[in-house]
Amino acid sequence: MDPVDPKLEPWNHPGSQPTTPCNKCYCKVCCWHCQVCFLNKGLGISYGRKKRRPRRGTPQGSKDHQNPVPKQPLPITSGNPTGSEKPKKEVASKTETDPLD
């Protein structure tokens, strides 16, 4: 290695800067242009600020998406609404009649 002038900053050392400027091309050659291009283009890592995407406007035909829900009749259930008491009585009578001893 050649001796480097200690007065030079590290980013100004010979060979630290590529001879051609960076571009926006994503081909294989440009991905290996420099370390920054490799991180951004090759690996997809960028540490810069991300641009905000503008929100999409509402379509002209819609009105705030506030369509009311149509009223639907309640479902009619068949049977006893209070529940069946018959099985309870049967269970109670069976337990009383069975001798345990």
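Each residue, glycine too, has its Cβ placed from N, Cα and C.
Predicted, not measured: the structure shown is a model, and the values here were computed from it.
The feature region 'Interaction with human CREBBP' is assigned by Swiss-Prot to 1-24. Annotation comment: Swiss-Prot describes Cys22, His33, Cys34, Cys37 as Zn(2+) 1 binding site, evidence class sequence analysis. Feature annotation from Swiss-Prot assigns Zn(2+) 2 binding site to Cys25, Cys27, Cys30; the stated evidence is sequence analysis. Summarising the annotation, Swiss-Prot assigns region 'Interaction with the host capping enzyme RNGTT' to 49-86 and lists sequence analysis as the type of evidence. Annotation comment: Swiss-Prot describes Lys71 as ubiquitin cross-link, evidence class sequence analysis.
Positions of the features from Swiss-Prot, shown on the structure.
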residue	record	DSSP class
Cys22	Zn(2+) 1 binding site	coil
Cys27	Zn(2+) 2 binding site	coil
His33	Zn(2+) 1 binding site	coil
Lys71	ubiquitin cross-link	coil
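One way to see the shell of the Zn(2+) 2 site is to take the Cβ centroid of Cys25, Cys27, Cys30; the remaining same-chain residues with a Cβ within 8 Å of it are Asn23, Tyr26, Lys28, Val29, Cys31, His33, Lys41.
A gap of 58 Å separates the Cα atoms of Lys71 (ubiquitin cross-link) and Cys25 (Zn(2+) 2 binding site). Counting in whole angstrom, Cys25 (Zn(2+) 2 binding site) lies 13 from Cys34 (Zn(2+) 1 binding site) by their C-alpha atoms. Highlighted in sequence order, Pro18, Asn23, Cys30, Trp32, Gln35, Val36, Phe38, Lys41 have their Cβ within 8 Å of the centre of the Cβ atoms of Cys22, His33, Cys34, Cys37, the residues recorded for Zn(2+) 1, and are not part of that set. Within the group of binding-site residues (Cys25, Cys34, Cys37), the Cβ with the highest number of other Cβ atoms inside 10 Å belongs to Cys37. With the fewest other C-beta atoms within 10 Å around its C-beta, Lys71 stands out among the recorded positions His33, Lys71. When the neighbouring Cβ atoms lying within 10 Å are counted for each of the binding-site residues (Cys22, Cys27, Cys30), the highest count belongs to Cys30. Note: the Cα of His33 (Zn(2+) 1 binding site) and the Cα of Cys27 (Zn(2+) 2 binding site) are spaced 10 Å from each other.
On a Cα basis, Cys27 (Zn(2+) 2 binding site) lies 13 Å away from Cys34 (Zn(2+) 1 binding site).
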